[in-house]
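Asks: I'd like to ask you about the structure that follows.
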């Protein structure tokens, strides 16, 4: 009976109604103010800054807006956050990102998730359409992302067909710059390519950021450095008519060069004598031909390795940052600034004698002195096809045709060539997959230095994948003084995984902040 009296108590009834109202998703009242809408609309059209209460619009480096206290009810936001943390999250990792993401939230039935979905799809979309003067569609992509220690989303522009406005609603604990995880915005050059981070937005609980998706809307989620905090957010895109996009910028190709004239004495000075033994070369070639890849440990002689490794840490060497950041980020040496031992190592990998050595180790035709086995195999195949019959005969014929086409293609290419870089890898460096890479047959060479004790969880490994597929074909991990050789075809792409903050302690234990690799590509 006392319980019934409490239920009918007027004061208790009022409190229950207030609590119930607190469970509703209601956007900040400032957004409903007509003068605010007009101010936002005018500023957006003129590409000017605008601030009013909880709303902060800035148009540099591209139009974006941050709304603090996006939802009025603290109770609702806390309940939404708790509900989202109960979802199943899938780990996602590729060249561009590493984080955890929920399934699409459009079909979720949980109370607070459906409430926020209705607000974003409905009232906020209508408000945004009015401010931007763009007819945004009622369908919205929306999911929940969770970034924890070393998680990252690298530089990209969000452009896909139909995406017009991106948004992020943050549900994070008190956040500081030292925690990482900022939303970084990039400036762009005359080719609409990203240059550098010019603004960083700190995640803030119950704040919403939105920006227009355009050819210059390059941004990233900086690596989360905190080991305790979770960067939780709801994010997605409103769809509408896409902005005009300029023609794709094509980078100038790096010039390729034929071998430089150096005799075999260079090999005997630098290369482990084991790899100069013809019998051992034949064994390596057999293994390489079976798998199209091989790692050769202790490749350089120890004394030469020590010389180069020490020289690479000299302060007078000049390193240039290679970009743009939507494609790559690492240090590349100016060869005019390197000591003589580093120059000699470079000449070794570019030399005529090394081209011959690679031919002997791989079976590829990288020198005119190395016979073209395809031709002799084609002759054998032709004889078998003419003299035989049956099912095996059909297979031989098909193989002969493919080999003949490959041989013709190689003959049309001219003399073997190479292109190379000496790279410096440190925390934050990476390469990304991108459309401007010419897809062709090549022998990739990597000779790592200064990476003893390197662990896979640090990143920095080279990942080979099949074109238009997520399937990983091969991973090459940095190993000190190990020569990695990989022959890739036209449908194989590669990237180097982002080097995360966990690597810092390993590098500092060796009194350095980086490791190095000579990276060459050889073409038949």
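Each residue, glycine too, has its Cβ placed from N, Cα and C.
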Asks: Checking feature assignment: region 'Disordered' per TrEMBL, candidates 287-330, 331-374, 375-418. Which range matches?
Replies: 375-418
Asks: With DSSP helix as H/G/I and strand as E/B, how many residues of the domain 'Fe2OG dioxygenase' (135-240) fall in helix, strand and coil?
Replies: 3 helix, 54 strand, 49 coil
Asks: Taking the domain 'Fe2OG dioxygenase' (135-240) alone, what is its mean pLDDT?
Replies: 96
